[in-house]
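First the structure, in the form of structure tokens, and then the observations on it.
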Amino acid sequence: MSSFTKDEFDCHILDEGFTAKDILDQKINEVSSSDDKDAFYVADLGDILKKHLRWLKALPRVTPFYAVKCNDSRAIVSTLAAIGTGFDCASKTEIQLVQGLGVPAERVIYANPCKQVSQIKYAASNGVQMMTFDSEIELMKVARAHPKAKLVLRIATDDSKAVCRLSVKFGATLKTSRLLLERAKELNIDVIGVSFHVGSGCTDPETFVQAVSDARCVFDMATEVGFSMHLLDIGGGFPGSEDTKLKFEEITSVINPALDKYFPSDSGVRIIAEPGRYYVASAFTLAVNIIAKKTVWKEQPGSDDEDESNEQTFMYYVNDGVYGSFNCILYDHAHVKALLQKRPKPDEKYYSSSIWGPTCDGLDRIVERCNLPEMHVGDWMLFENMGAYTVAAASTFNGFQRPNIYYVMSRPMWQLMKQIQSHGFPPEVEEQDDGTLPMSCAQESGMDRHPAACASARINV
């Protein structure tokens, strides 16, 4: 199991009575007296560990292979490596990242059905054998570049109920699957299993049932062709926050019976999945600062207000946008909600408002319309559930830098991490509720002790 130490990244252990929100407020207070009120994240690594415990309870037969593309921050990958997850990598760079943290090759699946030949060769030279394919061309590339590969056939699914659809780009049909299996046999390439992905943000858990059923058909085809498959990869699409229509346990309550029906526990089939946002979405909170403000009246050009009155509306410009962390709005169909760092007065008036990013592109709009009390330059806004498909795809367009990330973890979670490293997961460990986890802010296990003010540490990613 990979190590989890201070040397890898800076993480502060929270003292009893402190929460990640306290660290966020503290950091805001620290920078508020300076001119450099840059956007930043606070990320709770303990939240990721709690998600893992929840996974073990809800999907006991399924081994998670974290989708690195979702958030490739070193601290995230290191945390997941330390608790024993596998990793879904899509490129040479992602493979280098996880193997650089000591993750063995057998805990990596190269889950990209369309790979560059040089990167297939890199995987071969570094012991990564499991990889996906969905076409004859890919089979031929692998046969030449990595003949000892253990291939996983990616099949298409009905992802019409997903927010982000993937089967339009990846996946073989059932008819094509037989042809590909026959061709793999001719090329003497080993096909060990089937993978699918129902799409990100799936709103119908029954989609998983059909996909598992289709996978069973392909397993049976493989037996007829002469393969002995033993791996099923059920992909991703699991929610990572509680603000979704479909909850995680609602999905798993449908998946588990389907797995038991088509791939019973005595079938000898290993089952894995590729969760990404599930692990990281809720761990990250982003703080942005208002850098400019504009008052707009209904009759003024550029106002979208349909209100008959001449009441003013406000445009707020903040120091992160769709070319940075909020790229999730464009590419991940995210709907974000601004929270106020300062609690408004009970009788405070609210105005129709819009929120814009810092770049010179008119497309850089974060929130088209929301109701906010009047705010001012220098005030802060918070955005929760910002861990998935945000930092990984952020650019520096117009010269705006990516936000720094400040990592924290509660003392109980830290102690559990050390126990896992030393002795593995304790028997019958159960997910602990947030309310039973006192958050602490001091260092232990050789880490420097900080004063009760609970200063946070910075890591650049």
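Heads up, the Cβ atoms here are built off N, Cα and C, so glycines get one too.
Copied from Swiss-Prot, the annotated features are:
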type	residues	note
ACT_SITE	CYS360	active site, proton donor
BINDING	SER200, GLY237, GLU274, PRO275, GLY276, ARG277, TYR389	pyridoxal 5'-phosphate binding site
BINDING	TYR331, ASP332, ASP361	substrate binding site
MOD_RES	LYS69	N6-(pyridoxal phosphate)lysine
MOD_RES	SER303	phosphoserine
MOD_RES	CYS360	S-nitrosocysteine
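When the recorded positions GLY237, GLY276, ASP332, CYS360 are ranked by how far their Cα is from the Cα of LYS69 (N6-(pyridoxal phosphate)lysine), GLY276 comes first. In terms of C-alpha distance, the listed recorded positions TYR331, ASP332, CYS360, ASP361 place ASP332 closest to GLU274 (pyridoxal 5'-phosphate binding site). If you measure from the Cα atom of ASP332 (substrate binding site) to that of ARG277 (pyridoxal 5'-phosphate binding site), you get 11 Å. In this structure the alpha carbons, written CA, of TYR389 (pyridoxal 5'-phosphate binding site) and ASP361 (substrate binding site) are 21 Å apart. The Cβ of TYR331 (substrate binding site) lies under 8 Å from the Cβ of TYR389, ALA393, each on the same chain and at least six residues away in sequence.
Cα of PRO275 (pyridoxal 5'-phosphate binding site) to Cα of the residue listed as 'active site, proton donor': a span of 35 Å. Around the Cβ of CYS360 (active site, proton donor), 8 further Cβ atoms fall within 10 Å across all displayed protein chains.
Set side by side, the binding-site residues GLY237, PRO275, GLY276 differ in how many other CB atoms lie within 10 angstroms of their CB, and the most is found at GLY237. For the recorded positions shown (LYS69, ARG277), fewest C-beta neighbours within 10 angstroms: LYS69.
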